[in-house]
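What follows is a single structure, written as structure tokens, with notes after it.
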Amino acid sequence: MQKYPNTEQMEVKEPKHDGTTMRKALLVINCIILSIGNCGGPLIMRLYFIHGGNRIWFSSWLETSGCPIILLPIACAYMHRSRTADPTSENKLFYLERPLFLAAIVLGIITGLDNYFYCYGLSRFPVSTSSLIVASQLAFTAGFAFLLVKQKFTAYSINAVFLLTIGAGVLALHSSSDRPANEPNREYITGFVMTLAASALYGFILPLVELTYKKAKQEISYSLVMEIQLVMCLVATAFCTVGMLINNDFKLVGSEAREFELGETKYYLVVISSAIIWQCFFLGGIGVVFWASSLLSGILVLFLLLVTELVAVIFFNETLKPRRVCHLLSRCGASFPTSMVTSSKAKRRNQILKSR
């Protein structure tokens, strides 16, 4: 599914010894990377499905199989520490300790299952419709956050949950009019349920990640967050690999490539691009939060989701009906004040940490 970065948790340790110019340059780079991943991931995956691709486990595998790319920024962080750190201090390539490593494995398994649910739904739904259903994850996130981390709710967060839940419910009541031609009723309903399940599962993942950070006995830095993300993606990829083996996807990818409507060469270009673009989403989101704030990351993700839906309307001839426009506006109205409050709390927390 289209995944949203866990923005609040990563503002734990701020970068040091970096000049203002370098900080701004890195922020711009991460904004560009996030834009590519947030807009390109769902679109290129939908392109795979509408032109003859039908391997659900394979498309799920593509969402995290590009994770070796994360080794590049981890290596860059290691080299940066080697040049700037105290010569007497120990500098390691990986700082992930066993408790966090085991937690990342559990999160990776859940992520792999979530990827399968999301890809199944996207194979049945247009990008614009799928994105609107996925927006209901805020209600699930709020519920699980209350249960797992004892999240306290404000008027802004309650308003956001209410508006987004009502919007998703209205969409569900009118979803039959978005059905593609010749789509069986059973498969379409299954796609809707799977997309909603993906939303619920990701709503469970975010508070679980927050709980993991709270229980961690080591300092959370940007490098450590990338290491956790790497382990999660590797495990999710392994999970989907098992699904591919059971479903014989590896044997059928070659024949699917030959029968792809855009040609065999473009088929492999699409799948390789998909693997790379999804990693841009995760790395860009983490980078924007680390170098700027959760407010900027939240606003950027929200804006880019709207752009994604509009691009899907233009290139895939999807229909943007009035109820979708209303839901987009309600989502913007609900998310913006919530992002403001979240960013304000994060800044106050950082100020308290600095004063200690």
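Glycine is no exception: its Cβ is also placed from the backbone N, Cα and C atoms.
As annotated by TrEMBL, transmembrane segment applies to 25-50 (among others).
If you look up TrEMBL, you'll see 100-118 (among others) marked as transmembrane segment.
Residues or ranges marked as transmembrane segment in TrEMBL: 130-149 (among others).
As annotated by TrEMBL, transmembrane segment applies to 156-176 (among others).
The transmembrane segment feature in TrEMBL is assigned to 188-209 (among others).
Non-local neighbours of the transmembrane segment (230-247) in the same chain are 55-58, 60-61, 63-67, 70-71, 74, 96, 101, 104-105, 107-109, 111-113, 115-116, 279, 282; each lies 6+ residues outside the stretch with a CB under 8 Å from one of its CB atoms. Taken from TrEMBL, the feature transmembrane segment applies to 230-247 (among others).
Here TrEMBL flags 267-292 (among others) as transmembrane segment.
Residues or ranges marked as transmembrane segment by TrEMBL: 299-316 (among others).
Of the Cβ pairs linking the transmembrane segment (188-209) with the transmembrane segment (100-118) and spaced 6 or more residues apart, 3 or more are under 8 Å, so the two regions touch.
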